[in-house]
């Protein structure tokens with residue numbers, strides 16, 4: 001019979017109490033504490049190797065005499081996932097300890113560095129000004145862990161990573177704690193500051209479960225009680241360390257309920273700590289009461305949800321036991337007896353900041369508000385250059401010209417191009433101004449091609465929104481798309497290497513040739529061979545990837561040589577094939593694609609996609625039927641661009657899909673994609689060998705598009 005507890009064991013309550021621990025909840029610890037210890041050791045080693053600021057030694061980290069923090073807070077994690085999430089948790093500890101000593105603005109910058117590192121990773125070791133940048137070091141530090149998590153469980157890993165960034169790093173310093181007057185207000189803030197939502201996503205990843213939004217809503221009251229106990233437990237046991245640190249910091253920020261009670265109620269330290277202790281016990285009892293009510297109201301809970309609820313309490317208790325014994329909160333006492341080993345500057349010792357006194361009314365630097373991280377976008381410099389010639393007519397407003405541009409740019413994006421730029425930059429180390437210029441060039445060309453593609457394909461939707469030409473009309477959209485090509489040329493001329501402009505023109509020519517064949521086959525109802533199709537893809541899709549890689553190669557100050565350029569071209573060629581065939585496959589397979597562009601939209605367009613080409617060549621008997629459908633569709637569309645005439649009937653699409661599935665074409669296309677994915681991975685290895693640098697960032701890009709977990 002399946003039980004609640006699969007991976008953890010009891011901790012003796014009397015033994016725990018003898019250490020000063022006073023939790024009222026049962027304590028459990030993961031059986032594989034050794035995995036958590038190894039992950040902590042690796043996290044500390046990697047921080048020292050990649051970041052190299054010494055903080056891995058100054059932070060208390062996750063170890064303790066009674067067990068690893070990861071083994072207590074992830075008690076029911078699958079063993080093969082425990083190491084990854086403990087690594088991330090220990091990284092959070094080091095990062096948190098570091099930020100506690102930084103002035104407010106520097107702490108914000110440090111959060112931003114780590115948040116960016118969680119987006120992609122870095123793997124560069126070459127010595128240059130860019131390689132020494134802290135954000136690049138952080139990317140290198142975190143990359144292998146992120147890649148490992150994605151290889152274990154890509155969907156949950158991405159959810160966990162995004163939550164870690166957006167629900168913790170991007171909000172943790174965003175409020176002035178000294179403005180708060182009530183415990184409820186403080187706990188609401190600490191829920192964000194402590195990253196509770198991000199933490200539960202890590203628990204879900206570890207347990208390999210998915211808790212729905214509805215289930216989270218129903219369990220929220222009891223989880224909120226447990227979270228309050230968790231936060232206050234940390235405050236209780238960390239108070240002495242935080243108070244001592246604040247006396248030695250130029251810009252002290254105490255985020256602790258003990259200080260809240262001292263400040264708002266005029267209590268002494270001992271009185272305030274005792275009040276926090278009482279509240280911890282109260283919230284633990286509240287959790288137990290609400291849990292029993294929840295079970296009574298929901299007697300037929302699925303096992304995974306009951307396990308999740310029980311784990312919540314065990315995490316609360318395990319964290320308490322660890323906090324009562326961990327070096328992170330208590331090692332400072334040893335430092336007091338060994339002044340020579342202190343990691344703090346002795347010059348500030350004994351200085352008490354009046355802002356930390358009970359009842360102090362002065363506002364700390366926490367009153368400064370953090371601004372959300374924003375991605376740099378195209379600046380106004382992309383408009384027409386001002387002409388200082390009185391003999392030339394004054395230019396009209398560019399509002400009408402730029403409206404379609406701004407519309408397509410505002411659409412949601414999966415960020416693949418930005419990820420690819422980051423990945424290539426781990427090898428090429430392009431200086432930031434030129435790198436930003438190249439990003440803008442690629443964005444211009446990509447968005448221009450989207451506008452034109454939608455017009456040429458008569459697509460009504462783009463990323464779930466009305467296509468640009470359906471909002472602004474075909475003529476205006478074409479005009480704006482053409483102007484974006486002009487802007488791209490203007491920006492390329494400003495790059496340092498003169499070869500960049502020739503590269504741009506070469507790849508644009510290639511792109512238009514590829515697109516011409518795609519349109520030609522559709523209009524003339526001709527079926528290309530697989531070889532002809534791949535040649536078209538190499539031109540149309542591969543051109544954009546090659547252009548990006550070549551522009552960055554030309555602007556790189558650390559990489560040169562024809563061999564490297566050839567390897568980059570080969571990787572981009574394979575990546576372009578993988579990307580395009582995957583797009584063809586997902587258009588017919590993916591629910592997400594249907595939501596974004598419409599069900600099997602490629603069939604509406606009469607597009608010669610890879611699966612369809614394979615079907616038409618391998619099953620001549622069905623060729624006449626499908627070509628007849630396309631011929632009739634083309635005839636209907638030519639009578640007028642009405643939505644009824646441009647869309648195939650749903651039944652017709654389902655019939656074509658039945659032919660594709662019945663002929664095993666979708667399965668063979670998936671096999672082709674997996675072969676291409678392996679080939680791209682092999683080409684990345686070739687570049688890593690040639691450049692002498694591993695690049696897990698590029699593998700993360702590939703992993704985000706992986707079809708290894710796709711099943712038919």
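Any Cβ shown, glycine's included, is placed from N, Cα and C.
Features of the protein shown, as given by Swiss-Prot:
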type	residues	note
BINDING	96	Mg(2+) 1 binding site
BINDING	96, 234, 238, 239, 240, 241, 242, 328, 329	substrate binding site
BINDING	96	Mg(2+) 2 binding site
MOTIF	96-100	motif 'DDXXD 1'
MOTIF	234-242	motif 'NSE/DTE'
REGION	333-706	region 'Prenyltransferase'
REGION	334-373	region 'Disordered'
BINDING	414, 417, 446, 463	isopentenyl diphosphate binding site
BINDING	453, 457	Mg(2+) 4 binding site
BINDING	457	Mg(2+) 3 binding site
BINDING	462, 540, 541, 580, 587, 597, 607	dimethylallyl diphosphate binding site
* In the motif 'NSE/DTE' (234-242), how many residues does DSSP assign to helix, to strand and to coil? -> 9 helix, 0 strand, 0 coil
* Asked: Which number gives the other C-beta atoms within 10 angstroms of the C-beta of residue 580 (dimethylallyl diphosphate binding site), all protein chains shown included?
  -> 22
* To do: Round to a whole number and give the Cα-to-Cα distance in Å for the pair residue 446 (isopentenyl diphosphate binding site) and residue 580 (dimethylallyl diphosphate binding site).
  => 14
* Under 8 Å by Cβ from residue 238 (substrate binding site), counting only residues of that chain that are 6 or more apart -> 256, 323, 328, 329
* Structure fact -> For residue 417 (isopentenyl diphosphate binding site) and residue 541 (dimethylallyl diphosphate binding site), the CA-to-CA distance in whole Å is 13
* **Confidence summary (mean pLDDT) of the region 'Prenyltransferase' (333-706)** => 79
* **Proximal residue to residue 462 (dimethylallyl diphosphate binding site) among binding-site residues 96, 240, 242, 453 (C-alpha distance)** => 453
* Asked: Nearest to residue 457 (Mg(2+) 4 binding site) by Cα distance: which of the binding-site residues 240, 540, 541, 580, 607 is it?
  -> 607
* To do: With H, G and I counted as helix, E and B as strand and the rest as coil, say where DSSP puts residue 607 (dimethylallyl diphosphate binding site).
  => coil
* To do: Over all pairs in 96, 234, 238, 239, 240, 241, 242, 328, 329, the listed substrate binding residues, work out the largest Cα-Cα distance in Å.
  => 16
* To do: For residue 446 (isopentenyl diphosphate binding site), just give me the three-state DSSP call.
  => helix
* Euclidean distance between Cα atoms of residue 463 (isopentenyl diphosphate binding site) and residue 587 (dimethylallyl diphosphate binding site), Å -> 12
* To do: Just name the most isolated of the binding-site residues 329, 446, going by other Cβ atoms within 10 Å of its Cβ.
  => 446
* Measuring CA to CA, name the entry from the binding-site residues 96, 453, 463 that ends up nearest residue 580 (dimethylallyl diphosphate binding site). => 453
* To do: Please classify the secondary structure at residue 462 (dimethylallyl diphosphate binding site) using three-state DSSP.
  => strand
